[in-house]
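Chemist: Feature list, courtesy of TrEMBL:
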TRANSMEM  20-37  transmembrane segment
TRANSMEM  65-82  transmembrane segment
TRANSMEM  103-130  transmembrane segment
TRANSMEM  166-183  transmembrane segment
TRANSMEM  189-209  transmembrane segment
TRANSMEM  244-267  transmembrane segment
């Protein structure tokens, strides 16, 4: 299993697109930084919307989690699963393992590990770029907290934010793996994945528009969307009152368990078609 995991991990990194995604990270962070600098002009220094060196890592991941990271996960999955599965390359990989079940597990963990590495790289780059690009303030305001944070406290908060972001990406990748397995081409896999992403973005807005009451129950229904958890749920869950923490975590776990289990069953039963 260990050798198979290493093999699958190396196969992901043998693709130029993987390297390109990692090379894009500094540019994505720099672009986010420039946006926040322009946004700071119209924002009070004591506002949670004001972005400084201390809260920049959390702010920039919140900005790019829905777009850059979700899209990156879809691309990695499509190239790692759909392409090999539909072109027959997977036959060569089967020589190194005893079953499709082992192959699926190793592919899954190779994908998850790559996503984790992207997050770690993003965090480190955001610290470096933020150090040179963003203003420094001693008292930092964080969303859903009444008081102020120091720079060190803000970094600890950012680590928690990235950790929870990773869980949301695992949930999104689980759906992506399911889509990648049932798709007949990379184009279909990416297109269907983007469709799911767009639906996840639109769904909470429709719920809000058509809901007669705008209370707790409405928010819970909105948080059935992974992207809504990424957009608002993480900040609320990590806030002073841990709003919807248990609910959001439960939804993410359900996504992971349901879609990974379903994908495993489909993948292992499809060996006769390879």
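Any Cβ shown, glycine's included, is placed from N, Cα and C.
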Chemist: Cβ pairs under 8 Å only, please: of the recorded stretches 20-37, 166-183, 189-209, which one is richest in them relative to the transmembrane segment (244-267)?
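Modeler: It is 166-183, which has the most Cβ pairs under 8 Å.
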Chemist: For the transmembrane segment (189-209), which stretch among 20-37, 65-82, 103-130, 166-183 has the most Cβ pairs under 8 A?
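Modeler: Looking only at 20-37, 65-82, 103-130, 166-183, the most contacts with the transmembrane segment (189-209) come from 65-82.
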